[in-house]
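TrEMBL lists these features:
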- 1-25: signal peptide (SIGNAL)
- 26-321: domain 'Plant heme peroxidase family profile' (DOMAIN)
- 36-116: disulfide bond (DISULFID)
- 63: site 'Transition state stabilizer' (SITE)
- 68, 71, 73, 75, 77, 89: Ca(2+) 1 binding site (BINDING)
- 69-74: disulfide bond (DISULFID)
- 122-317: disulfide bond (DISULFID)
- 164: substrate binding site (BINDING)
- 194: heme b binding site (BINDING)
- 195, 241, 244, 249: Ca(2+) 2 binding site (BINDING)
- 201-226: disulfide bond (DISULFID)
């Protein structure tokens, strides 16, 4: 009887050990609670400074988070500079002369290293900065899954192939998100990030001049600063959301309903397809959009590098540790 009881106790202890082992290394909002308890305060303070200098930076850092996670997981690979024979992701077509905010990440990293040297990954700093920038522009908050590590490599090819482009149709968008275990609903919610920020003329020129699913008055407005002949005006900016360009709200979706999506890939979400009903719901229900956006971005933030990719905690976000 005693032996049987002892065995049961051992089985319980073994089960607890296996459970704790399985949990070890998993992402958690409290990952740095002991190793760097002031992390979120440092990020928030630096972000306040950055947005006071340029309010648009909140949108830029949210986009940086997307472009990082869509290439081999949220691993900070997008931050790596080209150096010698190493070619990173910054010169990929979706990123070149477009993705920005690197200096803000550098400053956050510098401030964090002063307090918690060698502890916090650049990948986690991007995720926290994206969350705080969103909140500061009026968007929802969410518990950021922390504990990601920084990749020691990057993939120019994956950046060129995995990040959705402005000319994607709905099927291509669904496939691109599905590749990262994100559902069509996740995709439509995450696309709401385009309720803040700006895009360059080269990204929406074809849509405003040749699109068939665009309000003609809106197209005329956008043509004022986006000449038909490339490369004239290629880098001229226009807001995704003409009403409240730097406020995180639901205007993006109401624009889609009235065919005033800036990019072709935006308007594809409301163009007689499977996402029309959800777009209509978001356009009138801010709480539903916020709930779905938070769920989707947490899901995206949990994307980790594939097994076998070497990782580290970079001391400088732009270069691999020597």
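First residue shown is number 1, and so on along the chain.
Any Cβ shown, glycine's included, is placed from N, Cα and C.
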What other residues of the same chain, not counting 68, 71, 73, 75, 77, 89, have a CB atom within 8 A of the CB centroid of the Ca(2+) 1 site?
67, 69, 70, 72, 74, 76, 78, 123, 151, 154, 155, 158, 159, 305
What is the interatomic distance between the Cα atoms of residue 69 (disulfide bond) and residue 75 (Ca(2+) 1 binding site), given in whole Å?
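One finds 7 Å between the Cα atoms of these residues.
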Please give me the recorded positions out of 74, 122, 241, 244 that lie within 10 Å of residue 68 (Ca(2+) 1 binding site), comparing Cα atoms only.
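Qualifying among 74, 122, 241, 244: 74.
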Determine, using Cα-Cα distances only, which of these recorded positions is closest to residue 36 (disulfide bond): 74, 89, 201.
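Of all the candidates listed, 74 is nearest in space.
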Which residue among the disulfide-bonded residues 69, 201 has the fewest other Cβ atoms within 10 Å of its Cβ, if you could check?
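201, out of the disulfide-bonded residues 69, 201, has the fewest neighbouring Cβ atoms within 10 Å.
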What's the number of neighbouring CB atoms sitting within 10 A of the CB on residue 36 (disulfide bond)?
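18, counting other Cβ atoms within 10 Å of residue 36 (disulfide bond).
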Over all shown protein chains, what is the count of other CB atoms within 10 A of the CB belonging to residue 194 (heme b binding site)?
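Neighbour count, Cβ to Cβ under the 10 Å cut-off: 25.
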Taking the recorded Ca(2+) 2 site as 195, 241, 244, 249, identify the other residues of that chain whose CB atom sits within 8 Å of the mean position of the site's CB atoms, giving them in sequence order.
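These residues sit around the Ca(2+) 2 site: 196, 240, 243, 245, 247, 248, 250, 251, 252.
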Averaged over the domain 'Plant heme peroxidase family profile' (26-321), what pLDDT does the prediction give?
97
